[in-house]
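To start, the structure itself, in C-alpha cells.
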Amino acid sequence: MGVCCPILRPWDRTRDSYLLSIPCLSDPVKRSSLLMKLGLVAIHLVFIGFLFVCDADFIDKTKRDPWYTASYLLLFSLTLLQYFVTSGSSPGYVIDAMREVCGNDAIYRNAPTTSIQHGSRKNGSFVINVEGESASGGGGSSRKTPTSSWAKMVLDLYPPGTSLRNLTCGYCHVEQPPRAKHCHDCDRCVLQFDHHCVWLGTCVGQKNHCKFWWYICEESALCIWTLIMYIDYLSNVAKPWWKNAIIILLLAVLVISMIFVLLLLLFHSYLILTNQSTYELVRRKRIPYMRNIPERVHPFSRGIKRNLHNVCCGNDTLDSLPTAFELEDKARPYTCLDMLKCRCC
C-alpha cells in the first residue's frame with residue numbers, strides 16, 4: 001500500500017476535482033442514484049440488444065411484420081420514460097404541504113428549507129419556533145408565531161382527546177399529519193410514506209404512488225413480452241453453444257426479475273385497493289396510531305372505488321384518523337347483505 005499511495009493519491013485528487021466540477025456527480029447520494037439509473041437502462045439495453053444482434057429470425061420477423069417490433073419498442077420506450085418520470089417526481093413532502101397551507105404566513109414563505117422548526121404546546125396553544133435568519137438579516141435569532149393554519153389542520157386530523165395529537169418529527173421538528181414519516185435517505189418527512197426505492201432514488205409517497213404502480217405494471221408487461229421472445233428464440237433451430245449459454249443466463253435473470261416485479265405489482269395493487277402503505281403494513285405494531293387497531297381492519301380505507309379515485313386522480317387531501325365508532329363499524333364482520341350491497345366498494 002505504501003508503494004501504491006504515491007500513485008493513487010494524484011489519481012484520487014484528479015477524480016475528486018473532476019466530480020466536484022459536475023453538479024450531478026458532486027453529491028455522493030446523487031452520484032449513487034445516477035449510477036443505479038444508468039445500470040437499469042443498461043440492463044434493458046442488454047436484453048433487447050441481444051435479440052437484434054444474435055437472433056436472425058427476429059430480424060426477419062421485423063421485416064415481415066414491422067408492427068410487432070414497433071409495438072415492442074414502443075413498450076420499451078414507455079417503460080423507460082415512466083421510470084424517469086417516476087424517479088423525478090416528488091412523493092409529497094410535509095414541508096411543502098405546510099408551506100402551501102400557510103402560504104399567507106411570511107414566516108413559512110420566506111423560511112429557508114434548511115431551517116429547523118420546533119413544535120411545542122403551552123397552556124393549550126400551539127407555538128412554532130423557527131430558527132434561522134431574521135428579516136433584518138441577523139443570524140441565529142428565533143421568531144415565534146401563534147397557532148398556524150397547518151397546526152390547526154393537523155390537530156383536526158387526529159380524533160379529539162387522543163394523546164397522539166402532539167406528534168412532532170424528531171429530525172425535521174415539524175408537526176406530522178397521520179401517515180407521514182421521516183425518510184433518512186431523503187432527509188425529509190414524506191406524506192403517506194410507503195418506502196424509499198433504491199432503484200428510483202426517491203421515496204414513494206402520496207403524490208407518486210400511482211406513477212410507481214404504472215411503472216411496475218409496464219415493467220411487468222415488458223418482462224413477459226421479452227420472456228416470450230427469448231423462449232421462441234430457444235425453440236428454433238440449433239445455435240452455437242456460446243449463444244445458448246448466454247441466452248440461458250439471460251433467461252434465468254429475466255425469470256427472476258419477472259417474478260419479483262409481478263409480486264411487487266400484486267402487492268402494491270392490494271395496497272392501493274385497501275388504502276395502505278408498505279410502512280403501515282410492515283411496521284404496524286410500531287406505529288402509534290396503528291397499535292390498537294385490529295389486524296384485519298384498514299383504518300384509512302373508504303371503499304375500493306374511492307381508494308382508486310384518491311390514488312389515480314391525484315387527490316392531495318390528508319387522511320384523518322378514524323374515530324372509535326368508525327373503527328368499530330369497519331371491524332364489523334361481513335354478512336350476505338353486505339356482500340349484496342358491495343360494502344367493500
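Numbers run from 1 along the shown chain.
Cβ atoms are placed via backbone N, Cα and C, with glycine included.
Summarising the annotation, TrEMBL assigns transmembrane segment to 34-54 (among others). Below 8 angstroms of C-beta separation, residues 24-25, 76, 79-80, 83-84, 87, 198-199, 201, 222, 226, 229-230, 233, 243, 246-247, 250, 254 of the same chain, each at least six residues beyond the ends of the transmembrane segment (34-54), sit close to that stretch.
Tertiary neighbourhood of the transmembrane segment (66-85): same-chain residues 37, 40-41, 44, 48, 58, 200, 211, 214-215, 218-219, 221-222, 225, 229, selected by CB-CB distance under 8 Å and a gap of 6+ residues from either end. Marked as transmembrane segment by TrEMBL: 66-85 (among others).
As annotated by TrEMBL, domain 'Palmitoyltransferase DHHC' applies to 167-283.
Under the heading transmembrane segment, TrEMBL lists 212-233 (among others). Counting same-chain residues at least six beyond the ends of the transmembrane segment (212-233), those with a Cβ under 8 angstroms from any Cβ of the stretch are 44, 47-48, 51, 55, 57-58, 72, 75-76, 78-79, 82-83, 86, 194, 197, 200, 204, 247, 250-251, 254-255, 257-258, 261-262, 264-265, 268-269, 272, 311.
If you look up TrEMBL, you'll see 245-273 (among others) marked as transmembrane segment.
Non-local neighbours of the transmembrane segment (245-273) in the same chain are 46-47, 50, 54, 194, 209-210, 212-213, 216-217, 219-220, 223-224, 226-227, 230-231, 233-234, 281, 304, 307-308, 311; each lies 6+ residues outside the stretch with a CB under 8 Å from one of its CB atoms.
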